[in-house]
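K.L.:
The structure follows.
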Amino acid sequence: MCRRLNSTHLNGYLIWLLWCINLSYAALPKYDKSLLEDSRLHTPELIRKYGYPAEIHEIETKDGFIVTAHRIPKSGGQPVLLVHGLQDSSSTWVLLGPSTSLGYLLSQQGYDVWLMNTRGNRYSRKHKHYHRYQPQFWDFSFHEVGMYDLPAAVDYILQRSRNFSQVHLVGHSQGTTCIFAMGSERPQYMKKIKLVQALAPVAYFDYVEGPLVSVLAKYMKPLSMILKLIGIHELPPENEAWNEVFYKFCTFIIPNTCSYFTLQISGVDIDQYNITLVPLFSGQAPSGTSVKSLTHYAQLVHSGGFYKYDYYNPDENRRRYGESGAIRPPQYKLKNLNCKVALFYARNDLLTAVKDVERLSRILPNVVHKQLMAYEKFNHIDFVWGKDVKTMLYEDMIKLMQKVDRGEI
């Protein structure tokens with residue numbers, strides 16, 4: 001028997017619907033022709049368009065994945081590896097152009113810039129033994145990225161940068177989670193890291209109250225089981241027709257509504273969100289991830305700690321983690337991450353709470369810099385897509401890197 005909607009629920013749904021319609025039929029932004037072209041370019045093409053050299057490197061991991069790194073080469077430059085967030089790709093570091101994006105700014109300062117694409121995103125869909133339509137291909141979360149992708153990339157970069165024994169490492173959102181997992185599980189790599197700069201660092205969820213986190217926590221476990229039963233292991237499922245529909249709708253039909261939902265997830269900041277760049281955002285993201293990755297994050301929300309993946313099966317947990325991890329998997333050993341770390345975080349970030357980052361900073365053994373963004377509305381995506389992110393953040397990051405390079409920190 002269907003449950004009747006009471007007037008409060010009905011009014012709420014009607015208001016929401018009218019709000020969406022209002023946004024959809026608001027004045028649509030006019031897009032520059034060059035910007036529309038940028039929205040359809042792959043990262044190397046985008047880099048070359050603006051006069052910078054670009055290279056494509058395929059890196060094989062120990063567990064058989066072939067991940068792609070895009071490089072803005074600089075002969076003799078200190079290497080720096082940038083690691084994107086969930087549903088993102090290497091393009092996030094160059095989308096705003098040479099005057100704003102971190103990838104270009106680092107190149108202008110003489111750094112040898114490497115842009116990571118973690119397993120499963122649009123640029124890293126190869127494996128030695130599995131096809132991307134096989135479930136084994138998608139059996140990973142941020143744990144495997146930290147265990148295999150990042151160590152392989154660090155080794156690959158240092159082999160091609162023989163004058164350097166360390167790389168700078170920058171992560172955003174899930175990129176930071178992967179770095180923390182690498183530090184915990186592959187501590188020998190910490191001597192190869194000159195400085196970690198963690199933007200919107202994600203490890204703990206005790207104080208996060210954003211709608212996406214709430215939905216993940218409540219529905220991801222049953223949803224993941226349903227998706228597994230019907231053979232879906234990637235979200236969103238890779239489909240060229242769907243990608244094209246999503247791009248056309250968000251760019252030309254409902255850009256205001258797409259922007260509204262983006263800001264509701266990450267933190268409302270109209271001033272730093274440039275709606276005329278919607279084609280770039282909808283053309284380059286979402287870039288794909290595994291259902292297991294989202295499930296792992298949902299587990300962290302419930303756990304109160306930074307735990308390894310729970311297989312919901314004591315025998316499987318025991319096989320992977322030993323007897324002590326049969327009921328509850330072990331926590332990551334953040335104390336192992338003993339390289340220099342800088343944390344950058346924001347009050348208006350609905351995916352990373354200030355108190356959770358402060359807890360993280362107390363556990364990490366070598367935090368050399370901690371910066372709460374001065375701009376009150378700074379949100380989760382402003383770290384990569386904010387209009388004024390260069391002056392608000394990137395200039396400080398580059399100065400910090402240069403101090404470390406000179407041995408002042």
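Cβ from N, Cα, C; glycine included.
Annotations per TrEMBL:
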- 1-26: signal peptide (SIGNAL)
- 79-386: domain 'AB hydrolase-1' (DOMAIN)
- Ser173: active site, nucleophile (ACT_SITE)
- Asp349: active site, charge relay system (ACT_SITE)
- His380: active site, charge relay system (ACT_SITE)
K.L.:
Between Ser173 (active site, nucleophile) and His380 (active site, charge relay system), find the distance joining the two CA atoms and give it rounded to the nearest Å.
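P.N.:
Cα of Ser173 (active site, nucleophile) to Cα of His380 (active site, charge relay system) measures 8 Å after rounding.
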K.L.:
Which residues of the same chain, at least 6 positions away in sequence, have a Cβ lying under 8 Å from the Cβ of His380 (active site, charge relay system)?
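P.N.:
Result: Ser173, Ala200, Ile265, Ser266, Gly267, Ala346, Asp349, Leu350, Leu351, Thr352.
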K.L.:
For the domain 'AB hydrolase-1' (79-386), would you mind checking the mean pLDDT of the predicted model?
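P.N.:
It averages 94.
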K.L.:
Other than its own, how many Cβ atoms are within 10 Å of the Cβ belonging to Asp349 (active site, charge relay system)?
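P.N.:
The Cβ of Asp349 (active site, charge relay system) has 26 Cβ neighbours within 10 Å.
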K.L.:
Using a 10 Å cut-off, grab the number of neighbouring Cβ atoms around the Cβ of the residue listed as 'active site, nucleophile', all chains included.
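P.N.:
Taking all protein chains shown, the residue listed as 'active site, nucleophile' has 27 Cβ neighbours within 10 Å.
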